[in-house]
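Accompanying notes for the structure given below.
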Amino acid sequence: MSSSGAKAQSSAAKLSLPVELLPSEVARIFTHIHPVLLLSAYYARFHSLVADPVHTLLSGILPLAITQILYAVLCLPATGSDKRPTLKKKLNAPKKVSSDNNLVSKVFTVFFALVLSLLSTPVLAAVQVLFGAPITTHLLHTLLGSAHIALLAAFPLIYVHGSDSAKWREIASAYSPADEIFGGSVGCLVGAWLGAVPIPLDWDREWQKWPVTIVTGAYMGYVAGKLIGGRLLKGKRIEFD
Amino acid sequence: MPGETIPKPIAGDNNSIAAQYARAKAAKDAADRKKVAAIMKENGLALQGDKAPQKTTLEKLYERKAGAFKREWCWVVGFFAWLFCIHASGIFFFTKGFLLTRLVLEEKSSCQEPPIELSSTFKGAGEPEAGCWHPKTFDKAVVIIIDALRYDFTVPFHNTTTNPAQAFHNALPFLYDTAVSEPHNAFLLPFIADPPTTTLQRLKGLTTGTLPTFIDAGSNFAGTAIEEDNLLMQLKDAGKRIAHLGDDTWTALFPGYFEEGISRAYDSFNVWDLHTVDNGVVEHLNPLLGKDKKGLWDVTIAHFLGVDHAGHRYGPNHPAMTAKLQQMDSVLRDVVAKLDDETLLVVMGDHGMDGKGDHGGESEDEVQAALWMYSKKGVFGRTDPTFTIPPATAKIRPVNQIDLVPTLALLLGLPIPFNNLGSPIEEAFVGKKGVAWQNLAAVARMTAAGIKRYQAAYYEARGMDESTIAGSPHALWSIAEQAMISGTNKEQRWKDSYATFSAYEAETLRICRSLWARFDVPSMLLGISILAAGVLALVLYANAHAEAGSTDPALIEELDRAELELELASFAKGELAEDEPQSRSFVLTALRGIGCAVGPVLFILTGEGLTHDLLGGLSVCGLLGGLFIELKGRDLLSNPFPSTFWGWLAVIFTVSQSIGYASNSYTIWEDSILLFFISTFGALGAISSLRQQRSADRTLGVYHSLAFIALGWVASYSKLCREEQMPYCKSTYYASATSSTSAPWQLIIPFTLAVFLPEVIKSYYSSSRSYEGFAPVWIGWALRGGLILSAVFWILDAADDGDWFPYLAAGRLKSLRVPIAQTIFASTVGAGTTAFGYAIPCVSISTTAPHGASSKDAQMKTQAGSTVTILGYANTHGARYFLLVTNILLAVLMVQKPMGGGAIALMTWQILSLLEIIDLNSLSTSPIGPIILALLGSFHFFKTGHQATLSSIQWESAFIPLHTIRYPWSPLLVALNTFGAHILAAAALPLIVLWKQKPKKKGILKAVASALAWHLAYYAVVSLATTMWAGWLRRHLMLYRIFSPKFMVASAVLLIVDVIGILVALAGVRWNTLSVAEVFGWA
């Protein structure tokens, strides 16, 4: 399904490159801590999630947001910042000079990305409803689950790509080159999709209730997608034909 | 040639599209002919005259192409007809092995007519008061069923360190203790159930004394009430009053049998509730045993469910089970304490449970239940003193569950039910001292005679000669008869005759078991292999044709013309070789086998023997083998695995769903899963559309994808829930859950459809400027008229149901509305089909200046310089073919309830959106289109108020256009109602290929054949999977309720879509192509 997209590159005028992490040591380390942090926190909260999804999802939003913000600030190039972080690596000196500026713009970008990803929450909830989620009941469950998916899948993308419309069209058509961020987002959505699979089974387990499996799938898919996109298939594109 | 004039329009209707096109085209053709003439001259061919011969050449070429098309069409039809035979024979062989049938005989035993002369007369023989066929022992009985009471729950267990006791051990010691301490009052035995070990099946066995089979032919298939002779029926006939407490399965099996006021039925499906049923039974049982109410009943049946539910919920090794068994222990002690001397107490389990606490299968733990009989009369005995201690395991001295039937009947002085195959239990008849051999011989003889009588009647009803059945126990019968009279010692004589009668009974049971209660696994496997080979053949065929059918969409007019010239040139030289249609090679090979495949099947159907079955199966297998070898030789065997994302998606949708049918949950929630898949496709369609280069294409693609999702979602709110979906599902299809009429608000739906549906279709036509020719009349008037009539029909129907006009004579409204429905049918099926045959393509040709002509229209410049525009050119094939779909749409819509009509309309809209998505993303040769269409058909099957259950069939739809049942129309109408969505999807299938195709499109038939093969492949895989699962899970608890009906629906759908594919899709494509070619020439 994936190929390097040599054919596509020739047909489309200009195609984006995969996003590279910030060239710092912190970024390199934290990007490995990040999935472990997410999964272990998720695992720790799993029983409480099964017992009381609404409360647990609600109280989980803030820690998740902090984790994602940390990940974005420490590892990812913010939108509008130098698009070629590799260059920066070579010129180590100016890094400090622009740090003040950088901080302000980063704070702004984080805020901007947070607001937009929270705005995408109702859209994600609507998609779930269209796929068959209950609409008359469990609305809060769906919205809170969507908020988690938004923070996982949408927030890093917005942080990195801002409002670059050409890039967003690429992302919306799932034709962005694989990298950590895009891979994580696709993985998160595919995981949430697969999360619907065990719901109808008559095992009568508590964890089968809405939206536990969806959120679980989203978290696992996010981590898997992040690893696959960032390592195994970096730079590849999803080809349909 | 300068100065050449444009020829006159061809003869015929001046206003016909063909004439218009010919006139416009004449200018071009004139130039063509010049070239043709030049070519022919080059080749040294003499030209006779100026124009006539050249025209003939072109005509000849077209004629030849038309002939080739018709021949290829016949081969394609041949392939699909062959496939239908394969599917039918596969399903036939599986069904033959799977749905074992036992004839239910109407005969009933009667008190006055014993099956054999009584061996010794007694006072009052032939009267229930004294005993019908044998002196009775008890007046009254209390029958307590402890659901899932496994034998090892009741026997003591010695706790050792190596083998510690489990939670269920030693919790119910009462039965064992009484059997040991009061052997004349009680005995405890292992009680072996016949699988399937489900309560419903077990209760049938426990009351009729017969073996379970799939279909009890002759009984009401949909209903559950037992109609054959049984204990309760005999009780009722003898004037006994029966009280019932507990599990409501009894009231389903025996409606109207139980005394009102003292009986209480409880819901049996809530396995999470351990106590409601049991507490309710205890609460009502105690007063019945008391002095006040003792006189109100003769037999009391109490059915406890707590042990079974504890098993299902927790498994047997759980403290809840201990508590439950202890509760049962104390309940039984109370009952015994209150019991009087004339009352027999029977306690039994209807089946056991496996290690996890579930049941339904045939494992030892599941079939080993316990039986305990008790009375204060002291009449029970043992033939051997060591038998006083109940067996330590269920392997020792077990009795069959059906043995209870003759035992209870004879103890209570009733006739043994006619169909009984059980034998009397010796402990109950051998007497206190264990020496009443005469009594024992008498009951064994009586029971054996009953069995013999039943066997004779059964074989007679089946039209079989009993003596031809292998291992007939006739010999045993005569030996037993002999033993009765001969012999020196009286006691020895009775002993011997008891032994031989028992042997006769056991042997008969063995034979019957091998005849009825065993699935014919080889036949099932044969059916499954045929279906599997059919799937393989389909996929290979589809793949082979997909490659041939794909053409470059960017073919421009000029290229077409150049090609035509080349063709003309080589045709003139006589070089043009005709391609051999691939279907031909396929079918020719298959033809060799068709004779052997169909012939034997017909043989069997006419009632031939077993050898023919095998022959038929072998020939089908041989045919398939031969087919594949042939294919290999021809190098048609291409890689059957998909090469694109879309191809994989089609495979995932089909295969994952098919695997899911192995689980009852996924089968129950099939409609939600289909919505999930449909939405997934819509989302991916939107993503894919965003990849298009042109922004207009992107917008349209996303719009149609979102519309596709939204329409499916709206349709998903039309629901008819099946019982198993409760309480997570709310039915909306009818006015309420307990009604089968439409709610008043739903009557708005047909009118809404009449207003909007034609507009929606028009908008899709307009996008390619195809709302021309017949289309406005057809869609704007005929379809709308039909929809209005349909709406009026439902208003009249509601008026009739609701009695809105009480002053009208009864039946007046029906006599009004039936002709309305008949009019619609006549106009769609009769007039519509004929009109489709003669309809012109939906194009309009104008010679005026172009108004905003785009690539959707074709333009030709005449010599005078004015432009000829053909509106709707870009969708010539699709727009015309869709007219046929509107016919089918109206016919299907007519037989649906208003809510179902809405669903069908939404489906039509979804199909149109799907076609646009397919076209915009160039997916017309991908398998995804036909598969999504099949998903839509399956999805809307549920949305038109159906489920994969027999009870959801809307029988009343047969009466929409008819007053009475008329063959063959009534079954066809019910089929049209049930499978309407599948039929509409299959009818719309060619559109995947034809939509937005210009008239000169090449290889249309191949592409349609491929699409149809993919479409059928979906149903064939589903049918194969459900067949396999039904066969594999043949002893599953939910077989009757879930897997078997699903298998039946899938098989029916497969065969129906096979037929519709040929009769509508392929036939429609033939007419369509011929009609388009008549106007525009052959590609």
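Just so it is clear, glycine is given a Cβ too, placed from its N, Cα and C backbone atoms.
Straight from TrEMBL, the features:
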TRANSMEM  B:73-94  transmembrane segment
TRANSMEM  B:521-542  transmembrane segment
TRANSMEM  B:586-605  transmembrane segment
TRANSMEM  B:611-631  transmembrane segment
TRANSMEM  B:668-688  transmembrane segment
TRANSMEM  B:700-718  transmembrane segment
TRANSMEM  B:743-761  transmembrane segment
TRANSMEM  B:773-796  transmembrane segment
TRANSMEM  B:881-908  transmembrane segment
TRANSMEM  B:972-995  transmembrane segment
TRANSMEM  B:1007-1032  transmembrane segment
TRANSMEM  B:1047-1069  transmembrane segment
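In this chain, the transmembrane segment (B:773-796) lies in contact with the transmembrane segment (B:743-761); the count of Cβ pairs under 8 Å, excluding pairs fewer than 6 apart in sequence, is at least 3. Sequence-distant residue pairs (6 or more apart) of the transmembrane segment (B:1047-1069) and the transmembrane segment (B:881-908) include at least 3 whose Cβ atoms are under 8 Å, placing the two stretches in contact. Note on the transmembrane segment (B:881-908): residues 711-712, 714-715, 718, 732-734, 742, 746-747, 749-750, 752-753, 757, 760-761, 765, 774-775, 778-779, 782-783, 786-787, 790, 793-794, 821, 824-825, 827-829, 832-833, 835-836, 839, 842, 936, 939-940, 943-945, 954, 957, 960-961, 973, 976-977, 980-981, 983-985, 987-988, 990-991, 994, 1064, 1068-1069, 1072 of its chain, located 6 or more positions outside it, place their CB under 8 angstroms from a CB of the stretch. Using the rule of three or more Cβ pairs under 8 Å, pairs at least 6 apart in sequence, the transmembrane segment (B:521-542) is not in contact with the transmembrane segment (B:773-796). Residues 76, 79-80, 83, 87, 90-91, 94, 97-98, 519, 521, 524-525, 527-528, 531-532, 534-535, 538-539, 541-543, 545-546, 548-550, 583, 650, 654-655, 657-659, 661-662, 924-925, 927, 929-931, 933-935, 938, 982, 985-986, 989-990, 992-994, 1039, 1043-1044, 1046-1047, 1050-1051, 1053-1054, 1057-1058, 1061, 1065-1066, 1069 of the same chain lie 6 or more positions beyond the ends of the transmembrane segment (B:1007-1032) yet place their CB under 8 Å from a CB of it. Note on the transmembrane segment (B:773-796): residues 17, 742, 747, 750-751, 753-754, 757-758, 761-762, 765, 813, 816-817, 820-821, 823-824, 827-828, 832, 835, 839-844, 872, 879-880, 883, 886, 889-890, 893-894, 897-898, 901, 960 of its chain, located 6 or more positions outside it, place their CB under 8 angstroms from a CB of the stretch.
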